[in-house]
Amino acid sequence: MHEREMMETEQLQQNVEQFKGQARLPKFAIPHNYNLSINVDLSNFTFLGVIEITIDIVSPTKYLVLNVVDLVVEQSSIWFSGDLLGGRGEELKHPSSIVEVKDDEILILGFDGILPIGKGILSIKYSGIINDESRGFYRSTYEQYGETQIMALTQFEPTYARRCFPCWDEPAFKATFTIKLEVPSKLVALSNMPVISENDNGIIKTVYFQESPIMSTYLVAFVVGSLDYIETYSSDGLKIRVYTRIGKSNQGKFALDLTTKTLDFLKGYFSIPYGLPKLDLAAVPNFQEQGMENYGLLIFSEDYLFYDELSSSVKVKQQVAEIVAHELAHQWFGNRVTMEWWTDLWLNEGFADWMSYLVIDDVFPEWEKWSQLLDDTTATLELDALSDSHPIEVLNITSGIEALEMFDSITYQKGALVIRMLQSYIGDESLQKSIAAYIKRYSYLNAKTEDLWNVIQEEINEPIGDMMSTWTKQEGYPVINVMLTGNVLEINQIGLTIVDLIADAKPELSNDVKLLFINLLQSHADKLGWDARKNESQSDTLLRKQIQNTFVLLGHEKTINYAIEHLQPFTSNTSTIALSPDIKKVVYLSIMQTVTTTNRSGYEFLLKLYREADDASEKTLILSCFTRCLDPNILLESLNFLLSSEVQPLDALKSGLYNVKQAGRDIAWRWLKENWDDKIQKKWSEVFLPYVVSYIVKLFGTSEKETEILDFFASRSNPAISKALRQSFNEVMVKERWAQSVKNESTLGDTLKAIVGKGF
C-alpha cells in the first residue's frame, strides 16, 4: 500500500471523540486568510458575522476542527469548497455532522468523504452577543456630557478571538485578515489596517479595511464608537493617530509625541521598519488591561495613555511612557515574531518590558530608568521565592485558563531581568546585533526560546543556551551562603524559599518599628524638603513623594498635619488644579488617615472630587487613598464604591483593592464573601479574578482563616483562581513562619528599643 493510501486509510478511521480533550488543534488544515464581515448592532448588543476562511488541507482528513465559544452558528450556512489551486472548483460540500464541544471550545465539522489536498474555502454564518465581560467582542459604557455612550471593542488575547469569529485560535496558526464592518453611520470604526473605502446610506455605513499581513488571531482588533483623534507623522511618513472619546484628545498629546520618538528608536535598534501602513493608539474607558498590542491598533486604558501637563504627576507621566513603549515594542517582539505557544509567552512580554526600559533611557535619559529596575521588580522576587512559583518558560500549558495564569510578573518582570543580565554579560552591541538578526530571521513566523538562544550563539560565537536555560526553565533564584570555617571559605548556592515580608509578627513592637523607619528616612526627608526644587532630577521627585507617603502611612503626625494644611486653600471650591500633582497623593492620603465614621467630611470631600474629576489619573489617585482608611466602616463603604458603575474595573482593582492593607483584611474578606456571587464576578473578568482573591487572602499573617477561605471557594470552583489561592496561602505560610521566628527572638524587643532610642 502506498504511503498516501495509508494516510487516507488512517484518516478514514477518524472520529469525533479523538478531537476531544486535546490541548491543541490538529494540524491537517492550516488557515491562510480570514475574510470577515461583521454587522454591529449596538442597540441590541448583538452582531452578525459571515466568515470565509481560505485554508490549506495538508493531509487527508474527513474533519475540520476549529475554535468557537459563545457563538450561534447557522448550521445550514456551513460549506466547504476544495481544490481551488487545481482549478476544478469543486462543488460546495456541506458537513454531514456538526459537533460543538463546549468544554474544549471547539467546533468539529465532519464530511462524508476525504477533503482534497490543497487550498479550499470554509464559509460560516453566525451571530453573537456584544458582551459586558471585557473579552472577545464586548461593550464599554461611559458617561459623556450627561448621556450614556457605548463603545464596542475587542480583547482577543490570549484565547478570545474564538468568541468573535470561528477560527484556528492559536498563536502558531498565523494568517492574513480582510475585515469589513457594518456600523451606525455616526460612529468611527477602526481595525488593524487602514480603511480603503466606505459605503454610507445615512443610517449604516460599511467600512472596508485593507488586508493585513500574516498575524496571530489574538492580535486582530476593532473599535467602534464616537471618537476624536489627534495625529502626526513619523520621520519616514507613517501616519500616527491617538483616538479618544470626544473632548479628551488633548490628553493624548504626550503619548503621540512619545510614539514618534519610540518608533524611530525601535526601527534603528531592530534594523527593520515598522511593518504596517498606519499606527493607531486608542484610549478606551473601562478597558481592563493597561494596554494591548494589537497589530496597528493599540488599545489602552485611559489612565495608562492620558497625561495632563497641569494635573498629572511625574509618576503618571512615567507610567504612560512605560506602557506605550512596552506595547510599541510588541510590534516587533510578539506581532512580527510571535511565540509558537504560550509556553514562550515571555518572548513577548519579558522582551517588551525590557525594551520599555531601553526606550525610556534613550528618550528620557534624565529619568535614570535603569536605576529603578530592581525596585520595580521587588514584588516579582517575592512571588518567585514562593514554592508555588513557576519558571519563565512554563511547559504543558493545555488550556486558555493556564495561559491566563502566565500573564504575571514572573513572565514580565523576571523575564526582563534575565534579559538585562544577558545584556550585561555579552554587551549592548552584541545583544542588539543578535536581536536584530533574530527578528529578521523569524519575521512573520513563530519562534521558541531555543530559537533566540541559537541566533545569539551564532552571532557571538559563544554557547549561552545552556546557561540561559538555567534561568528560564527553573523557578526561584539563587542565594549564596558564605561561611568562614577556620581558614576555609565555604560558598554554597541554595534556592530562596523565604521572603522577608514584614507582617504582624511586629504587635507590641509596632510603634517601635514605625519609629525605626521614620528615623531611617528622616535625613532623606530633610534633605529633599517638602516642595520640589527647580530643575531637580525625576529620581528626587519620586523619592520625595515615596518618603512623604510612607510617613503618612506610618502615622507621622507632623507630615499629616502639614499635608492637610496644603489643601485648605482649595477646599472652598473643590478645585485642586493649583495643587502640585506630585503632592496630591500625600495630601489625599493624610485626609483618609484622619477620616472616621463620626468625622467623614474628608471622605465626602474626596468623593466629590472623584465625581467631578475629568482626568483619569486624578480618579485613580483618589481611589488609591480611599482603601487606606483606618476606620472599618469607611473602608467598607469604599470597597462597596469600587463595585459601583462609577469606577472602572481596572481602576477598582489596581488602585482600589490593591491598596487595602493588613488592618483592613477582616473587613475586606467579609466584603468579598458577601459580594462574590452577584457583584464581584460581574465586575471583573476571569483575567482579573485571581488578583481580587490574591490581594485579599495574602493580607492574612497566619493560617487561621485558611479553612474558612478554602471552604468558601470549594463550592465556587473556578480554575481561574486556583493558582492565586495556592500562591496566596503560600505567602501566608511564609509570613506565619517568619512571625514565629521573630517571636522566638527573645532579645529583639530590647534591641529594637535601643536602636530607636539612639535615633537610628
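The backbone N, Cα and C atoms fix where each Cβ goes, glycine too.
Curation plays no part in TrEMBL annotations; they are all automatic predictions.
Counting Cβ atoms from all protein chains shown, Glu327 (active site, proton acceptor) has 27 others lying within 10 Å of its own Cβ. Taken from TrEMBL, the feature active site, proton acceptor applies to Glu327.
Note: Glu349 (Zn(2+) binding site) has non-local neighbours Gly334, Phe407, Thr411, Tyr412, Gly415, i.e. same-chain residues 6+ apart with C-beta under 8 A of its own C-beta. Sequence annotations record features per position, and here TrEMBL assigns Zn(2+) binding site to His326, His330, Glu349.
According to TrEMBL, the feature domain 'Aminopeptidase N-like N-terminal' maps to 31-219.
For 254-471, the entry in TrEMBL reads domain 'Peptidase M1 membrane alanine aminopeptidase'.
What TrEMBL lists as domain 'ERAP1-like C-terminal' is 500-730.
According to TrEMBL, the site 'Transition state stabilizer' annotation covers Tyr412.
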Handout entry: Shell of the Zn(2+) site beyond His326, His330, Glu349, same chain only (C-beta within 8 angstroms of their C-beta centre)
Key = Glu293, Glu327, Ala329, Phe333, Gly334, Asn348, Phe351, Ala352, Asp353, Met355, Ser356, Tyr412
Exercise for the section: Quick one: among the binding-site residues His326, His330, which has the most Cβ atoms sitting within 10 Å of its own Cβ? Expected result: His326
Handout entry: Neighbouring C-beta atoms (10 Å sphere around the C-beta of Tyr412 (site 'Transition state stabilizer'))
Key = 24
Completion exercise
Confidence over the domain 'ERAP1-like C-terminal' (500-730), expressed as mean pLDDT on the 0 to 100 scale, is 86
